[in-house]
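Before any comments, here is the structure.
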Amino acid sequence: MLRSWLITSSVASRSSRFSVLRRRIPFFSSSGDNKTAKMSGQGTPGGFSGNRASPHPRKPVSAGKSMCQGDGVYKSPNVFRNAKYPKTVMPQHSQASPESADESTYESPNVFRYAKSPHTVIAQRSRASPESIGSNTRRSPQRDAEMQHFDICKAKDAGHVILKRSLQAINREKRIEAERAKIVPQHIHLRPGMILLKNYLDHDDQACVKIVKKCRDLGVGLGGFYRPGYRDGAKLHLRMMCLGMNWDPQSRSYDSKRSIDGAEPPKIPEYFIEMVDRAIQSSHDFLNAQSHGVNAASEVPKISPDLCIVNFYDNNGRLGLHQDRDEREESLRRGLPVVSFSLGDTATFLYGDQRDINKAQEVELESGDALIFGGKSRHIFHGVSSIIPNTAPKWLIEETGMLPGRLNLTFRQY
């Protein structure tokens, strides 16, 4: 029995040493195609992939994702790698388009990243932007900037928390409003047919806030604010929006649609039309009270406004001397006035009979002022030389979030 036990132990020891040696020495195929056999797992226990035996057999690689194709070139779903130089990456020529969102994720005009392998980068063969795919219209950053709608009010953060004001702050605001109510507008007769209604817009009924919010809502929609330009490529130093009818600075004419994007101008709110009627009536009352025997209706005729140009000037905004002569001949012949309202920062307004800055007169248009020029002053040259920063009423900025600058509405009858 002792002898048989020794024989059994010797056989078990040899078998154990052979198993260890078996794990260290790779198996080779007798067919001579050792490279294929090693990489595909053929001729090895469990179909393992690699040069060493593993006690945990791996699943065989699927046919669609073969690790060896052709002359030893590694293939993955996204890139090709040369077997001799594994760090060399060759991009595929066939790649997904931005429209196939389920196949790939578009990142930039020059790079694609596959959703299944987000770290794999495939360079585009053509440097096409997403806007130009499927479209023959040429786009440029300058044209895109022109067509972007402009928001005249500050964007509110989603996580912004508004703290409740103290009773002291509320009482202080009430006292300020009471002082404003005592202000008596000092109207000025600048020249025949030209009337300045100082502090005309009433702050008690929040007329200024209502106008700013309405212009903001219209300005971010279709036909809203944009930066216009002239035929020679020069750009105006302001943002413009037309209501009722569109005015084109390049053709200097009115139309039912905007040439830059084909958008129709928004309609003039009824509240704005009533505001124009009240301003003209106030100018008549002022003229009748100041000068006896003057026909106020002939000096400043009444109008039925069917168009409005809304301009927003930032702190660097300005407008050169020009004449408003693009309306119909009948309207110009009758001297139908232009009615202008100012909100926000104060503007230095120039006017005169000649297109000469040195000979032009100037007046400051403050927030709430209304300016009317018609009759004999209908064809005066006028413009804005500068915007005076930090002159807008603080309460107007707090209640509307209006950006620094001046909002100007000019009404006319075509």
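Just so you know, the numbers here start at 1 and follow the chain as drawn.
Using N, Cα and C of the backbone, Cβ positions are placed for all residues, glycine too.
All annotation found in TrEMBL is predicted automatically rather than curated by experts.
Note that the structure is a prediction, hence the values are computed from the model and not measured.
Here TrEMBL flags His322, Asp324, His382 as Fe cation binding site. Asp324 (Fe cation binding site) has a Cβ environment of 17 other Cβ atoms inside 10 Å.
The feature compositional bias 'Polar residues' is assigned by TrEMBL to 29-42 (among others).
Under the heading compositional bias 'Polar residues', TrEMBL lists 126-139 (among others).
DSSP assignment over the domain 'Fe2OG dioxygenase' (304-414) gives 19 helix, 51 strand, 41 coil. For 304-414, the entry in TrEMBL reads domain 'Fe2OG dioxygenase'.
For 29-73 (among others), the entry in TrEMBL reads region 'Disordered'.
Marked as region 'Disordered' by TrEMBL: 122-145 (among others).
Every protein chain considered, the tally of other Cβ atoms within 10 Å of the Cβ of His322 (Fe cation binding site) stands at 10. Other than the site residues His322, Asp324, His382, same-chain residues with C-beta atoms no more than 8 angstroms from the centre of those residues' C-beta atoms, the Fe cation site, are Leu321, Gln323, Ile380, Phe381, Gly383. On the 0 to 100 pLDDT scale, the model's mean across the domain 'Fe2OG dioxygenase' (304-414) is 96.
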